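Q: Relevant sequence annotations retrieved from TrEMBL are reproduced here:
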- 8-243: domain 'Heparan-alpha-glucosaminide N-acetyltransferase catalytic' (DOMAIN)
- 12-32: transmembrane segment (TRANSMEM)
- 52-74: transmembrane segment (TRANSMEM)
- 95-112: transmembrane segment (TRANSMEM)
- 124-141: transmembrane segment (TRANSMEM)
- 148-165: transmembrane segment (TRANSMEM)
- 207-229: transmembrane segment (TRANSMEM)
- 236-257: transmembrane segment (TRANSMEM)
- 269-288: transmembrane segment (TRANSMEM)
- 300-322: transmembrane segment (TRANSMEM)
- 342-363: transmembrane segment (TRANSMEM)
Amino acid sequence: MAQGQSGRLLSLDLLRGLTVIGMILVNSAAYLQSLGGFPAYPVLLHSAWAGYTAADAVFPAFIIMVGVSIAASMAPVKATGEASAGMIGQVGLRSLRLIAFGLLISNIYWLADFDHNHWRAFGVLQRIGLTFFATALIYLYAAPRARLVLAAILLLAYWPLTLLPCPDGIPTDLNAVGANFVSWTERAFLGVHAYRTGPHGYDPEGLLGVVPSIAQALIGVAAGEWLLAKGRTSTTVIGLAAAGAALTLAGLAWGLVFPPVKALWTSSYVLLSSGPALLALAGLYAAFDLKGWRVWGAGFVLAFGVNAIFAYVLHELASIVLEAEAARWLFAQGARILPPEAASLVPVAAFIAAIWLPVGYLYRRGWIVKI
């Protein structure tokens, strides 16, 4: 399998890098819009509830790559036929680190002002940590076919779970914010520690949403095993692309009766977002790992992909010290020659470039920050 000098799969690092850049782009665009005066392209904003935009495809693509990475990194252990206590301990420690960093960046403002802000229990890194832990254990102890069956069971079982009556009396409507059993559990058990509070409160990274997230990571595991088994052949690309197309179509069809809702991580949303991720992985694998392309600018993306979690944490921490006036000044300069929506991307591009400076340095030195 054609890989970089460090033995890493280029297509995986590239797609992971594009995903992290996408997460920074989407988060920054939403933040600027919240300030007022920064119009954004609709595709860069998450759906208000039910629906699907390009922004909604970013985080699930990272979950897919969590699964691919599990298959790629743990294959030697899997080949021995048994997982050592040391390996399980490493999985547990990494999961705990992800959750700990997630709690930190989810609660920076609470740490600065204990009296006026409620801390949040869940977040992006917490979701990744929990998903990674469960998926890694399933990978180590279950056969490939059993894992796919389990993924299907999780997705199918999650559907009726979302439709259970809400004990607080709110009529179930998956197209309405918070009007479902999953959101009720977040209101009931997380209370003021959920992302959104109130009678229709919810948490987009809540605990029950980990169930379909695990299924999505298992799809990534299957993709990773396919890459390892088939190697540098056109069959690898065709298989990934076919799976991506099939999942996309299945997600669209399922979405007619089970709407895609990112905040709930609905099963149709899992399929609908997994498809494009596999299609993108197939294209990048064909270009960079099969044909050996070397494209200008790839190093910029790889820097984010090799240290993906570090880059994400850095952007979250850096966003705390962002100056709104500096963003407005950059927007004003861009607005002289660009349409308003495009001008809003000028401060976003500057922020991404600022995050690249340290991750680019790490990449050039060949350093990987383990989180």
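Here, residue 1 is simply the first one shown, and the rest follow in order.
Quick reminder: no glycine exception, Cβ is built from N, Cα and C everywhere.
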Q: With a Cβ cut-off under 8 Å, give me the same-chain residues at least six positions beyond the ends of the transmembrane segment (342-363) that come close to it.
A: 21, 24-25, 28-29, 32-33, 38-40, 299-300, 302-304, 306-307, 310-311, 314-315, 318-319, 322, 326-327, 330-335, 369
Q: So what's near the transmembrane segment (300-322) in sequence-distant terms, Cβ-Cβ under 8 Å and 6+ beyond its ends?
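A: For the transmembrane segment (300-322), the nonlocal Cβ contacts are 4, 8, 10, 12-21, 23-24, 27-28, 31, 62, 98, 101, 105, 108-109, 124-125, 128, 351, 354-356, 358-360, 362-363, 367-369, 371.
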Q: Which whole-number mean pLDDT does the model give the domain 'Heparan-alpha-glucosaminide N-acetyltransferase catalytic' (8-243)?
A: 92
